Amino acid sequence: MSPPESVPSAMCSTLCLYGQGVVRGYAIGRAVVMSAASLEVAHYRIAEKDIESEQRRFTLAVDETVRELGQMAEDLPADAPRELGVLLSVHAMLLQDPMLVQSVCQLIAERQYNAEWALTAQGQILVEQFSLMDDAYLRERGADVRQVIERVLRVLSGSVHWLPNLDAVDVDGSLIVVARDISPADMMRLRGGRFGAFLTDLGGATSHTAIVARSMNVPAVVGMGLVRTLVRDGDRLIVDGLNGLVLVNPSEAVLREYQERQAAFLRERDELKALRFAPAVTLDGIQIRMEANIELPEEAADALAAGAEGIGLFRSEFLFMGRSSLPSEEEQYEAYASVVRTMAGRPVTIRTLDIGADKTLDGEVTVATNPALGLRAIRYCLANPEMFNTQLRALLRAAAHGPIRVLFPMVSHMHEIHAARRALARAAAELRTAGLPHDAAVQVGAMVEIPAIAIAIEPFAEALDFLSIGTNDLIQYVLAIDRGDTDVASLYDPMHPAVLRLIAHTINVGERLGKPVSICGEMAGDVRVTRMLLGLGLTGFSMHPQQLLDVKKEIRRAHSNALRVKVASALNRAERIDLSTLDA
Ligand code: PEP
Ligand code: MG
């Protein structure tokens, strides 16, 4: 990764490390380096007579770890990030999975490995299986296996001091946690302390460190590769969470520069809060819809607090993941209805299940020839009509409590729209017959994330009530770049003229046919491209609640029509747009 432009030239002699910045903000403090038990385990063979006692040592350590995780979940303080509770139970479940426990006992018996060796060996197999999965979220679950193993290894070694002795680090400011990876249970212990930032060797945008740090609003840089090796306890660090930059033992001049940047950032944060309920209108009076993306029903409260005008994307698959059975109609109804109630009359867009072909819902792993192009999302739902029907019934019932928009993912054919509408009509007819309260008049829309639908958008726009552009997938399919493959990450280019032309075309057709178009991919929340998106004519944005105010601020100081002229002229020539030419 190349250094960001914002690095001051005065720091030529400072060690700079780069990773993926996942939470904006600055931190200045001293490093505390967490040890990784799996890197330090002893590998030896045991005698045949000791097999049973070694297996017992292992299962006792597993029981102890499950007990610890359960205790932590119970003791979660009321203000703990909601994700933590969910993640702690996912970890306890993984530990009770026979795939892990029985296979380790088998390795101890058959190969006479000691418990630590058997556990790390089996863990590696599981982590590899997860790494083959197409979906970035599921791939990250390999990290859960690794973290659970770390925990058991700590119990096996009898080590309680998993964090370095904090008293030994002579600091009066904040501490910056440096780790190979941070499990949800570890995050739990770290929260509430003097921790100003999290840095990890592993992980990506959907890793736990990223998810939990985002909800705690603590700067984090993940996927740093070697930070745990290069940084020592007590090193002074500067963390720039926006640019994914870490400066080690900077000079006084650099330190002062970043102290100023940090103070300016905090001032700006405070000023932004005042914008929560200000209208998102451009200088030339164009009204913009600002909505939020959520993954769990509880996050609707964050969306509301950040001033969201509605939910632009509820990724319903998160209700289906990390469990061994499908959520019932009742459970789904409760989840959707709770979001609708929280949003108090504001529209709630619920995307139907977007699960990949790489994982069946009972947890059985199958790898399709190419999962990204396989039986996923709407294709998967239409192939599993009963499961789809349960979700649609739950959605229509929840619609009785307030406005719901149903969003179908990964649509590429008109017949999929017809089939999905038929499925919706069937669910409504069943509810009518059963006399259950519901609202069948929900708005129906599709994700524009496969190039085919963007290129031939007219009939789709005519047949639907709204369109939502999923740039995350659209970019991967237009450029033939797997969005989760780090080897080709540099080619994943949201600014490619081909991508922008498809977005512009979708917006223009939506405008002409009077159908609202929004973007709910990561681009919508990236303040660096807000002006460019306004220039493409975008009037609907949906993003993580934390990003809403920054984007709104940019919208309120932009002149939409002037931007449209500039962007259209570059697009006509299929040229790359130079973002600096769009500045005010
Ligand atoms: C997208 O593809 O842009 C999108 C919002 O959906 P997801 O990231 O869940 O695939
Ligand atoms: Mg998508």
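Every residue gets a Cβ built from N, Cα and C, even glycine.
In TrEMBL, the phosphoenolpyruvate site is described by Arg315, Asn472, Asp473, Arg483, and among Arg346, Arg351, Arg512 the residue recorded at this site is Arg351. Cβ-based neighbour count (10 Å, all protein chains) for Arg483 (phosphoenolpyruvate binding site) stands at 19. Following the DSSP three-state reduction, the secondary structure of Arg315 (phosphoenolpyruvate binding site) is strand. In this structure, the recorded positions that sit close to ligand 1, with a C-beta under 6 angstroms from any of its atoms, are Cys520, chosen from Arg351, Arg483, Cys520.
Under 6 Å, Cβ to nearest atom of ligand 2: this is the test, and of the recorded positions Arg351, Glu449, Cys520 it is passed by Glu449. Glu449 (Mg(2+) binding site) sits 13 Å from Arg351 (phosphoenolpyruvate binding site), counting Cα to Cα.
Of all Cβ atoms in the protein chains displayed, 19 besides its own lie within 10 Å of the Cβ of Arg315 (phosphoenolpyruvate binding site).
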